[in-house]
Amino acid sequence: MAKEVFQRTKPHMNVGTIGHVDHGKTTLTAAISIYCSKLNKDAKALKYEDIDNAPEEKARGITINARHIEYETANRHYAHVDCPGHADYIKNMITGAAQMDAAILLVAADSGAEPQTKEHLLLAQRMGIKKIIVFLNKLDLADPELVELVEVEVLELVEKYGFSANTPIIKGSAFGAMSNPEDPESTKCVKELLESMDNYFDLPERDIDKPFLLAVEDVFSISGRGTVATGRIERGVIKVGQEVEIVGIKETRKTTVTGVEMFQKILEQGQAGDNVGLLLRGVDKKDIERGQVLSAPGTITPHKKFKASIYCLTKEEGGRHKPFFPGYRPQFFFRTTDVTGVVALEGKEMVMPGDNVDIVVELISSIAMDKNVEFAVREGGRTVASGRILEILE
């Protein structure tokens, strides 16, 4: 069966659900999908099981990899990524956040903000997300007085991480909305959330005129057709027949794009902001991996050593309790990749939690990098610093 062509009739935006494990992110994602499928006869409703679709997730009942679904409101087309909340999977949440223009923060009304709520807010801020909407979930399980306290607490947190004091808060039960899609009272919270997204989230300016760049999130092979790399186009446009370079981690190599798809539909051209799959000519699955980038030839090069300005999180923010010294070896997260690197300090003997400092980093493998790109620094399963590249050294 021939695939249909994606019709670009509404502005496209990437959003996602973030928040602590078990606060209801996947349930809300499913509730939105079911609600939108009722409004739009062409839309496919995805149940909770469809979104949480890896066997180990079903077994543990938690989301591990970021999952994408699509839906439409009256005004916009949304790609929605359901981000994992589980601590060991936060690196996949970073990949997901790297693809979002705005986020929906889920907080369970019966338990309030938890450590991961804070970590996700910090990561959202570091990944350049400017606006969030709070969804206070599990309203049916919480005492009304507690809900008021949680609301105040969450708004304080949201402000602390640089988001607006006027961030909308939507209250409801995602499980109720998912389970009773025909009941207007149950789905009212989803309706309010979607209206809020259309009105409060700004459509991002897309860098369509810059050279093409896509950070590879996943790679799979389609028998008889070749290898597909998926990810969000960061800048530029891509069409069938164009040459691209695969940059970072391994030797740079050229290939030609033989297909561009989004949500199983064919695209005339992929453009900045789209989550796409690109079919690549003559590339084996083993030749390309998550963390590399696909780019217009000659526009980005791989590097190992750079100077950066970083902010070290305090103990209260979930960071280190003790200082670090020259020779420190954490993981550096750029776009969709994480690489170990060694830190050198200039004119300083150590860096304390809470410090803003300039450091020099040498990574153990080369990755595609640009000046001003932001990154997160993690160690032992937690985010310890965030930074920005000031200058590429070699």
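A Cβ is built for glycine as well, from the same backbone N, Cα and C atoms used for every other residue.
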Of the residue ranges 82-85, 230-233, 270-273, 298-301, the one that Swiss-Prot records as region 'G3': 82-85
Where Swiss-Prot places region 'G4' among the ranges 49-52, 137-140, 281-284: 137-140
Region 'G1' according to Swiss-Prot, located in which of 19-26, 179-186, 315-322: 19-26
Per Swiss-Prot, the range holding region 'G2', considering 11-15, 61-65, 201-205: 61-65
Between Thr26 (Mg(2+) binding site) and Gly19 (GTP binding site): CA-CA distance (Å): 10
Binding-site residues listed as Gly19, Lys25, Thr26, Leu139, least Cβ neighbours within 10 Å: Leu139
Across the domain 'tr-type G' (10-205), average pLDDT on the 0 to 100 scale: 77
Cα distance (Å, whole number) from Leu139 (GTP binding site) to Thr26 (Mg(2+) binding site): 16
